[in-house]
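Report on the structure given below.
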Amino acid sequence: MDLSGVKKKSLLGVKENNKKSSTRAPSPTKRKDRSDEKSKDRSKDKGATKESSEKDRGRDKTRKRRSASSGSSSTRSRSSSTSSSGSSTSTGSSSGSSSSSASSRSGSSSTSRSSSSSSSSGSPSPSRRRHDNRRRSRSKSKPPKRDEKERKRRSPSPKPTKVHIGRLTRNVTKDHIMEIFSTYGKIKMIDMPVERMHPHLSKGYAYVEFENPDEAEKALKHMDGGQIDGQEITATAVLAPWPRPPPRRFSPPRRMLPPPPMWRRSPPRMRRRSRSPRRRSPVRRRSRSPGRRRHRSRSSSNSSR
């Protein structure tokens, strides 16, 4: 009996030791299974990272195409920076030891972004350059137009060829003026108005027109303040009249509308006034009604008497 009990105890102890050893050190087959599972997980992670990197590359390609179509350099630099950052993140997820290199790459990508943004801000796009060039060309083309207008306005007026002679005595005639002023140049015309009542007497002034403006200037210098028939005369230049614009064609007068009929001529105020006596009429009737009653009462009293 004692031997059987001892055998049972020894068997129980051996079983417990086997359990402890199994819990402490797993079997080599289990280790292989676990290593296979870990390798599968790693391969899955690598496949996922590869897919993400391929997606990022596809996105970068599409962005590059868009940037090439638009012709903007800033979008290209951003796509390159995003591709570098995607590659750095894939390397960081695959191995923990390359985390420092990923951080350095991300830092370099951020610096490249800042440099690309600064370059894009420094160098404007070709479309903006075209707009700026158009604005500059327009602004440059405006000043010559103003200069031309100012030159046209400042154009010198033609020199006068006609001279007005005033304060002449009534004894002076056209022949006298012809003799005096013909010494300065060829005279084109002499106009000497005469009084209506006395046609043999002049009005005291005359107009002498020369062929050249230089001759008219000579006559002005020598004869302004000179004497004819013992009296000082005045000589002034007559400016050429500005060309008047042609008279405007007046439109024919508009036909007057016929007057409205009599029943339409009355203004609305008269209508309002015409309504007011109608409103007052019942008041007058009320005021007359007591008088009528009095007359009736008097007539009734007379009849009773």
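Sequential numbering from 1, following the chain as shown.
Positions of Cβ are set from backbone N, Cα and C atoms, glycine also.
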Annotation match for phosphoserine in Swiss-Prot, from Ser125, Ser155, Ser276, Ser289: Ser155
Inter-residue C-alpha distance, Thr161 (phosphothreonine) and Lys218 (N6-acetyllysine) (nearest angstrom): 11
Other C-beta atoms that fall within 10 angstroms of the C-beta of Ser157 (phosphoserine): 8
Counts by DSSP class (helix H/G/I, strand E/B, coil) across the domain 'RRM' (161-240): 19 helix, 27 strand, 34 coil
Most Cβ neighbours inside 10 Å, all chains, among the modified residues Thr161, Lys218: Thr161
Cα distance (Å, whole number) from Lys218 (N6-acetyllysine) to Ser157 (phosphoserine): 19
Confidence summary for the domain 'RRM' (161-240), mean pLDDT rounded: 93
